[in-house]
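Working notes, beginning with the structure itself.
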Amino acid sequence: MKSFLFCCLLGTFLAIGMCLECEVCMQPGKRCNGSMMTCKDNEDTCVMFQTEVIRAPLSFTFTSKMCSTSDTCHLDYVETNLPYELAVRSRRACCVGDECKTMPPVVLEHHDNRYNGLHCPGCIGFGSHECNEKLVSCRDTENQCLSLIGKNFDFVADDITIKGCATESLCSLLQKKIFSAIGEFDLDVKCTPVFPQSSQ
């Protein structure tokens, strides 16, 4: 009986000590390579995502890998539409262990990105929590008005404010603070239902 209890306790300690490791990187293009990083206790999956920043006719694509939580894996596509004809969209995929070594690169499919008749107040401001709003037309499945205030963004500005249209999936990801692996910054995220232009 004692040996059985000892084995159970040993197994528990070993399980606790086995931390997940994920490759972490962020590079231009459709692939990226980085070093392995031990994930936090609450992070139980690795995630790879391809992101496209669009300001027609130009676009910029980069690929990222990091630790994440499995409760966000179903949020595999996110999109936002901002002022100045700026749009950002991303496709995500989760993996664990050897699966990450054989998983094909994430691919962002081409789509028409059509307007859906909904609108949100939008603005982009650096170095301030406020910015001059203008009406932004939403596209595709964007049905949320996003308001994001970031603090301690040392690599861009101390503070940043972003408002525009967003998908529900993007709101959920931002509210779960999934970007903690990239840097130590604070995000205040609020999302509200979009409104038709006729209501303005």
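Keep in mind that glycine also has a Cβ here, set from the backbone N, Cα and C atoms.
Features as listed in Swiss-Prot:
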SIGNAL    1-19  signal peptide
DISULFID  C22-C46  disulfide bond
DISULFID  C25-C32  disulfide bond
CARBOHYD  N33  N-linked glycosylation site
DISULFID  C39-C67  disulfide bond
DISULFID  C73-C94  disulfide bond
DISULFID  C95-C100  disulfide bond
DISULFID  C120-C145  disulfide bond
DISULFID  C138-C165  disulfide bond
DISULFID  C171-C191  disulfide bond
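Mapped onto this structure are the features recorded in Swiss-Prot.
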residue: C25; record: disulfide bond; Cβ contacts under 8 Å, 6 or more apart: C32, N33, G34, S35, T63, S64, K65
residue: C39; record: disulfide bond; Cβ contacts under 8 Å, 6 or more apart: C19, L20, E21, C22, C46, C67
residue: C95; record: disulfide bond; Cβ contacts under 8 Å, 6 or more apart: T45, C46, V47, M48, M103
residue: C100; record: disulfide bond; Cβ contacts under 8 Å, 6 or more apart: C22, E23, C46, M48
residue: C120; record: disulfide bond; Cβ contacts under 8 Å, 6 or more apart: L135, V136, C138, Q144, C145, L146, K163, G164, C165, V194, F195
residue: C171; record: disulfide bond; Cβ contacts under 8 Å, 6 or more apart: Q144, L146, V189, C191
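Sequence-distant neighbours of C94 (disulfide bond) (same chain, 6+ residues apart, CB-CB distance under 8 A): T45, C46, V47, S68, S70, T72, C73. Looking only at the disulfide-bonded residues C73, C138, the densest Cβ neighbourhood within 10 Å occurs at C138. When secondary structure is read from DSSP and collapsed to three states, C100 (disulfide bond) falls in the helix class. Secondary structure from DSSP puts C94 (disulfide bond) in a beta strand.
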